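Per Swiss-Prot, the feature domain 'ABC transporter' maps to 8-250; the stated evidence is sequence analysis. Taken from Swiss-Prot, the feature ATP binding site applies to 42, 43, 44, 45, 46, 47, 48, 49.
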């Protein structure tokens, strides 16, 4: 089992502005293992960006303890390292942002080389390092181009190469794909996954989009008003969300909310017969492989009219959603619901026939 490379224990961050006290982060505990791609998701004002500054050691917490790669860096708001040791710890963390922050008058390779200006490498070693980094992010042929000659995705690749220049163990992505189109976003996420595998890089994804979490992360924390309200594996959170905000994020990411809007306009749903109901079925793992709807028809004479279906692969495990109209005798539908529950399917009744 991988050990935690980032440990935030009971972190409070409070700001004082004149007569106001702002509790930006309240009693947050997060442990991120080596090699994780860990998502922190929430709307604006949730405390995500403040938490980023704690993780990359730019913000001292008011209370709580921070341990990075085995070293306690802050405890009860007090720094535990020398200034030099803290600077070195900060170099162990790379950052990429929504805005690429490239220097317009420098080429791609010069932008990457700028991150090595304090390195002990020789000039030749730095040149080789820059070439290797641009190859790693798939941009070696654009080494001599200026930012104005690059697309948004290419600029972000330069920013990633620059963030990796000092061989960090941790990479923080703070809304790094928010300014990109969907196709380019997928390409950048695929690159980050590749870097995670190749380098053993621990990646922290700060985002307001659960779709990003679904596509790339293995664990996720959901924040609201400075509080961590839910945390777990992506599989557990998507298949069994507990909090209303988490459920809202997930229905948006999976397209269920949009599907329901359209389904509710269909005549079959507007005029459900008395012996029918509209239900959402959620299932994960082996239950996705079972012909359950055929089974409940054979056993209970309950028909299932599928109005929507979707299967995602999360952390190598299939997770599915279906919206169906179940029709049959009332006692048979109850028996079918029980059988579905026993097979590991979560059944939510959305509407009953009149």
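Using N, Cα and C of the backbone, Cβ positions are placed for all residues, glycine too.
Each residue in 208, 223 lies on the same chain as 42, 43, 44, 45, 46, 47, 48, 49 and has a C-beta within 8 Å of the C-beta centroid of that ATP site, without being one of the site residues. Candidate binding-site residues: 42, 45, 47. Fewest other C-beta atoms within 10 angstroms, 45. In sequence order, 223, 224, 225, 226 are the residues near residue 46 (ATP binding site), counting only same-chain partners six or more apart with C-beta under 8 A. Taking each Cβ in turn and tallying the other Cβ atoms within 10 Å, the top scorer among the binding-site residues 44, 49 is 49.
Under the three-state DSSP scheme, residue 46 (ATP binding site) falls in the coil class. The local packing around residue 43 (ATP binding site), expressed as other Cβ atoms within 10 Å of its Cβ over all shown chains, amounts to 13. Within 10 Å of the C-beta of residue 48 (ATP binding site) we count 21 further C-beta atoms, all protein chains included.
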